[in-house]
Structures are given as C-alpha cells and as structure tokens.
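Visitor: First the structure, then my questions, so here it is.
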C-alpha cells in the first residue's frame, strides 16, 4: 500500500530537517473526528522500523490559537539548547509562537518549550518560512499584507528587521504564501490572493520584480526551483482556472510552462528537494499529484480519500517519502513509489512517462576491479548558471596487504639477477630473520644449494654435523674405522687387473710376483734350499740366509695348531685355495681367509668377502658392506631413522648421479612414515622433489596461524618454493602446486602486482595448465598495462665491428641461466648461407634470469651449419663425485661415470622481438620453420661440478651476417645478394598444404582481402598500408608453417574450427577459439595470432 504510516489529526504539518520527527498543529477551519475546538502542537516520531502503522506521540503542548501555517527550521543560534532547531507557528490571531522541539520531546516540563512570541501582524499568518541558507532568519506574511523578517539568533529575544518598502500597501493584498530562494539568501518571494507575485531583495529593502497573469487569478502558493535560481512556480486556487505556472525572472512577460491536470483550485504545493524535476501538489478536486516539471506530465498520484488534502510535504531525510494532511482528519505518510499506479487511466497506463527519480542515482559509488583497482564516482557540483550535475570517475590502486607487497618487491629484487651470490644472501637473510628452528634448517639447506662448485658437498656434510679432513688423500674415505683403512688387498692372480708394484710389495713383502711357493717355508723334515736368490727377493735386507731359515723354522716349531697349519699348507701346495679359505673360515681366521681368497681369484675373493661381511657384527661394517656391494639403499632401510643425518651424509659421500636423487627420495619417504617431517623435508629438498616438498610445506597454510594472515603464510611458502625451483630447475609441477601458484597469483593481482603475478604464472609449463589457471593467466595478461615501445620499428639487430678471418672459437660462459624463460620463436629465416659472425642474443632481465655480460662474438664460416640447440635439462641436488675407495676396482667394477652430471649444455635461445617489431631472421627454438641450423658449438671440458643444485646451461651465440671481408678477391667483393623477402599471403607457397587444411588457406585469404578492402586497399593511407602489409606478412608466415606441416595437431585443429566459424560469420565463436589458442598454444602461435584477432574484429565491424 502507498500509505505506510499515519495518525488521526486535522493539522498542518512541518517535518524536522535533521531528525525523524513531525510537528502537527491543529488546523484552523478544520474539524477532526473528536469535534474538539482546542488547539495543540504535537510532535510525532517517524519510526519506519516499527510495524505499528500509527505514529508514536513523543511531545505535546497546548496552543492559544489554531494554526494557519507551521514551519520547522534548523538551529540558527548554534546553541545545544536548540539542537533540533525551532518550530514556528502562524496563528489565526496574527501572532507567531516559537517552540523548542527538544524541550517538547525531552525530560523538561513542556511549559518551557514556548521560547518566543512574535506579535506584529494584524491578521491570520499564512506565510511563514525559515531561510534555508541562514536558518536564523524567519519570514512571515499575513492578511494585512505586511511581510516581516525576524532574526532568531537568540530565540528568547527575537529582533525584527524594518518593514520592507511597499509591504502592507493596498496593492499587495492578503499574503497567501512566502518562500525564500534556495540559492540566494536575500531573495524572498510572496504571493497574494489578488494574483500578484512580488520578489523582494532584503539588501535593498524593497521589491525588485512583481508580476501577475493576465486575468489576475488568485494565487494560493508558490515555490522556488531548487536548482534554477530564477525560476518560480505559482499555483492558483481559482476553481475556474486551477493552473500551475512556471515563471522565469529573466522574462516575466509570459510563463515558461503551464501545468494542467487539476479540476479545481490548488491548495498546497512543494518542490522535491532531492529531485528538482518532481513537484507535489494537492487541490480541492481531491487529487494529490506528483508532476514532472521538465515535461509537465503526471508522474504519480496519491490514492484519493473521502476529502481532499490541504497540506503536503516531502520528507527531507528519506527521498520519496511524503506527508499529506486531509480534511478527513488524517495525516498520512506515503511512499511515492507505491503511488505510481494511481491516477493513470488503465488504457493509458503504458503511455505514462516512467522516469527513475534522481535519488535512485547513487551520489557516490565504488566498485572493486581486477588487479587491485577500485573505481569510484561522485557527483560534481554543476557549473555556475547550469542545473546539470556531472559525475567524476576516479581510479584508485587499492593495497590491503602492504606487508605482502613490500616482501614481494624485496624478494623479486633479490632473485631478479639470479646470480648465486644474491640467492645465497637471500637464504642467509631469511635464516637469520626467522625464529623457527625448522625454518632456519630449511633456509640453511637452501643456501647450500647455491654454493660455489666444489664446495657444496663439504658445506652439506658440515651442515649435517660432520667435518671432512683438510686434505683428502687419493679421495680415500675418511671417518671410517681404522680397520677399513688397514684392509690393503691386492690381486696378484693371473686373471686380475694390473696394479702398481708398490701396492703389490706393500701387501706381501716376501713375494716377488714370480712364484708364490718359492718363498713358502718348508716342513721341518724337508731340506731347505741354500740358494738366496731362490728364497728371497734381491732387495730383502736380511743378512744371511741361515738366520732367515732359522727364524722360519722356529716359528713353525711354535705353531699352536700344527694340524690346521698342515691342512692349509697341503691345500696351498696343490693350489686348492677354496679349501684353504674354508679351513680358515672354519677356524674363524677371517683375516687369513681374506688374504688367501684374494690370491685365489676374483670369484673366491668376492664370496669370501661376502661371508666375512655377513658374519661381522660391527655396526660400521654394515656401512662397508653397502659401499662394497654398491647397495646404499640397504643403509636407508637397515639404519634407524634417528640416525638420518649420518645416513644422508653417507649418501652425500658415496651416491652418484641419479642414484642420489632416488636414494634421498627413499630416505625422505621413510622419515615421513616415521613422523619426522622436518628431516623428510630436508631430504626431499636434497632430492630436488619440489612437488613433495611443497606439499608438506602447504600444510602450514591450514595448520599454522599464530595470528598471521593467510597471505603472509602463502608468501613464506612461495618464497621457499621459488628458491627451490630455481635451485632444481624444475618446471613440471603437479596440479596441487599449480593451484598454489594460482592462489598466489590471484593475491598478487588483487594488490595490483599484475606484472609480478604474470611472472609467477610463466614459471608453470603452459602446456598443462588447468582451464582456471589459463583464464587467470589470460586475464592478468589482458589487464596488465602494455609496455611502452621505446625502440624504432623494423627488423634490426645491433652489430659490432669484428676482425675478419678469425678462428671460429666459442667461449661458453658457465653462468646461471633462467630455466623458466619463455622461448620466443623466429618467424622466418634467410634461405641462403653466407659467412656468419656469431653474436650473443640480447638478454632481457627477468625475475628468474640474471642480466649477463655479452661474450664477444666470434666469426664462423660454415656452408651448412647444424643446430646444437638442446632442451633444458632438469637438474637435481646432486653431490659431486664421491671419493673412490683405494683400489676400488678390486671390489667391483664401476657402474657410473666419475662425473655426477654433465657440464653446461649449449642451448640456443633466440631473442624475442620487441613490441611492434618483426622477429628477426634466425633459427627457431622449437623448429616451427625449416631454418638454417646453428653452427656446432664445442664447449671446453668441464671438471667435476660438485654438490651443485642448479643447472648452468650456457647460451649459444646467435649468428648474424657481417659484411664481406675487404681482403677477398674481386668476385667476393661484389655486393651480397639482398635478403629474401618474408613470405606474404600472395607469395607464400601453399602447394604442399594437406587437403583438409586447404579450406583454412582459403578462409584466411578471404579474410585478408576483406580486411584490406575495409582499410582502403590500394587507396589506403600510409598507416593503413603498413597494417595491410603487416597482416600479409603474419598470415604468410602461418601459410609457410601449414605448407611445411610444421604446426601441432592441436593448433591446427583449433585453427580449422576457427575458420569454420568465420565461414559461418560466427565471430563470437571464432574469438572464443582465438582465446583458447592464446592460453594453450601461445608459444607456437604468438607471431600471427594477434594479427588474426585484429582482422576478425575488423571483419565483424564491417558485417555490422
């Protein structure tokens, strides 16, 4: 229903300007339901939250007379005593009473509410209004024609301005209404029942304008336009001509507009303070109408009652709420929105002007945008002399996680150059800043991964609590027991490997290597040879043969077990080494068994060694057994998880190559099963297992809060993850880790760090991105501000002057390269070979790639060079070559190379073209086009790299073509042939395009022709011609790829679907497929895809 509140009173109404209250004074000449003749001033509270439809009475005071007019003004005195302002009542006896509404609704006695009594007028006061600008000014007008201005700065002592000149004259007539100008505080308007309207200037103390219509109709009410200073609306209560006329003081010869709709005289009127296009009127025809002052049409009408309304007002605090007092003895509070259906004929309902009020327009507005943006708008004050209100829009960068932004900037700066020194410094700083022991351990280990070559193994072992000797002699294993060092076994069997003579002599001092049994002592009853040369070697230091023989005889005589000795000797005499070994093992003489087995050959030595190792109970012998049998995995499963540091140190010392990664993974899995999470994480780090490591770290996001926000925890996690990824060179991540990158990129984007967010997303392999991640990547890419192109357009490449006829040597710098750098493709290449000078590619610093000094280019002259581009290798945290056991080949044959991994590879990274430039001629990284191959680069041999966690791929220089050497013969001095122009739509060879792709060529050719014609064709200006030529070159490069079959099946299929959509003029689908190509096949299609989109947009515009 339209009426939302009400009260049963026949009263004039005044609404509080700044509080939810309504004053009601008993109306003169009206009879309420009680037929009472008393007069009262009452205060009602406008409580719209209450379900009660009746307004609650909060204050009441009797009045000496009834009211003709009631006004409520703001506090003009500035005193807290009058915080709710003043209520002025124009009485029928010509007096004006002033009340303090705060006293009426407060705890003070109501008798104190009457604060002033103004007695000047000699007739009923029908004109009464407070100045909207200077609220201490009150204007009053009565039937005597006088207009009085009161200063109520002190309400208890009001002052009266001198009477206005001309006021009270016979021509003025009975004042029916007065109104202050809403913009100019000294301008006052009055109207009278004789049809005259007068405009007064208080500064001049006289009227400045007066006017009337041609028939001088009675004027009952007038209102100033709230927005237009010079416009005033005057209404007539003449039943024969109940019109409303809008006058402009700049031309009073005739009204600006006339409003017709009432059938009888207009009694009351008020202009909407919230929307100057709405005017509310009530008349004696029992209609209350809301007008559109711009069109003079009816917008809404209140429901009709049993009797007409005589007083209407807009509620200033809530737009669209109005009050209406009727002769039915009711005061109703209405919502103008609920009144829209009234007063419009049913058959004309659809033609009624439906216009949203201005209060529906938000004075201010704000909306969050992608990329940490906040857009806001607010109304701007209209220019002087105009009524139109303009809006201003502001774009703000909103940062809610300031600590995250600062930490991200610091972290990005630390890893921007990518050199190991800065990364080590970063890890050391993080280790010092954290208070968690686990974090200190983690960052300490990450720091070791960036140590210099040859020192990382030592650093890791030291980090685990072990100390290596200063000098490692012959790479022997230190730290093991002295028993292991005492085992010096040499193989002298005929089928054994050749060893140094010094080792042979060290093992058997009496053995000259010719005949073992010549030196074997004879039995007591056997004659002893007297030949010295047959008994001992020439370098033996014994003085006489007799002394030696005597000693040996004495030793044999002192034997405690002659039976055992005889059995051993018999076996040795006949060469039955196995029997001799078995006898020794039975007698628990393992040392003797090992010595004899070593002479008996490799098979006997290995079996005897295994028996010895199995029977030995010493803990360190388990380590020896694992090393001898190359079974380091057994150490992982047999040693207690409590000694994980010792186990990891053993793996670091002896594991080789990929074995290190596998064994560290196994040890980490065992530690995780045992509940030692920190140790497991450290082992996973050593193994280079990024996914498993980050999976464990990610649990802190849900488990660890400690008053820290999710963004801070995620920042900690991503810093460790990125450092670990940089160390391992890993770019293949699991779906859960990709989701983590997505969450982090979203947070960065929400803080306005779009460029940084894109860098993190580029870490991920674009081939396996989820649809959500692809959308986020595309959204960030489109939202980021484009880079400013500061270079001149054109296919240019900086060159340096080089001497001629140099040897084609290649220096391969051993520097850290960016494992995540995007590989940009070259669109085409020259089709002939000339002597080439190799130049390094221009490098663009990124957060994962250091800015490296350019090595000096070297000329190389090759008629048909071959490519040496290699894909990036994933490297793990591999220790350097373990120290080999002395004479290790006697234990086992080596199964792996002595180097843990290879040295720098010679990867060739072409230079990405700058914005607005065409890619220069050069080889393609992924081979999209048949290009001349790069010359073979030979890098110097690299030594053992050590416990190095990162790959160090070199950057192969790219070749450019120098001028011909001046020393060549005359034929060679001729100008070189011009470069082959790039293929275009017209010149590209499409003879070998498969049949199912022929429609693609036809569709794209048609699209190019239509777009060229739209751009002006041959008549196009220079700018448009450049665009046409660019379109032709880009499509020509695509045609070359289709012709050579050098395009992936996925990209070709999507391209075919796109062309089918173009043939059907379905540009929306075509553009959607273009977005899919952008997100999934960008590396392959980036050269021509943007051009294709531009042409499709142009074609769609032409269709429209």
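Cβ coordinates are placed from backbone N, Cα and C, and glycine is handled just like the others.
Straight from Swiss-Prot, here's the annotation block:
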| type | residues | note |
| --- | --- | --- |
| COMPBIAS | 549-560 | compositional bias 'Acidic residues' |
| COMPBIAS | 786-811 | compositional bias 'Polar residues' |
| COMPBIAS | 863-874 | compositional bias 'Polar residues' |
| COMPBIAS | 892-908 | compositional bias 'Polar residues' |
| COMPBIAS | 959-977 | compositional bias 'Low complexity' |
| MOD_RES | 526 | phosphothreonine |
| REGION | 527-562 | region 'Disordered' |
| REGION | 782-811 | region 'Disordered' |
| REGION | 851-874 | region 'Disordered' |
| REGION | 892-931 | region 'Disordered' |
| REGION | 952-994 | region 'Disordered' |
| REPEAT | 5-45 | repeat 'WD 1' |
| REPEAT | 62-109 | repeat 'WD 2' |
| REPEAT | 662-707 | repeat 'WD 8' |
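Are these features on the surface or tucked inside, and what touches them?
Guide: As a summary of secondary structure, the repeat 'WD 1' (5-45) carries 0 helix, 21 strand, 20 coil according to DSSP.
Mean pLDDT, taken over the repeat 'WD 2' (62-109), works out to 89 on the 0 to 100 scale.
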Visitor: By a Cβ-Cβ criterion of under 8 Å, what residues six or more beyond either terminus of the repeat 'WD 1' (5-45) are in contact with it?
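Guide: 53-74, 84-85, 87, 89, 92, 99, 101, 104-105, 124, 310-311, 313-317, 323, 325-333.
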Visitor: Per DSSP, how many helix, strand and coil residues does the repeat 'WD 8' (662-707) have?
Guide: 36 helix, 0 strand, 10 coil
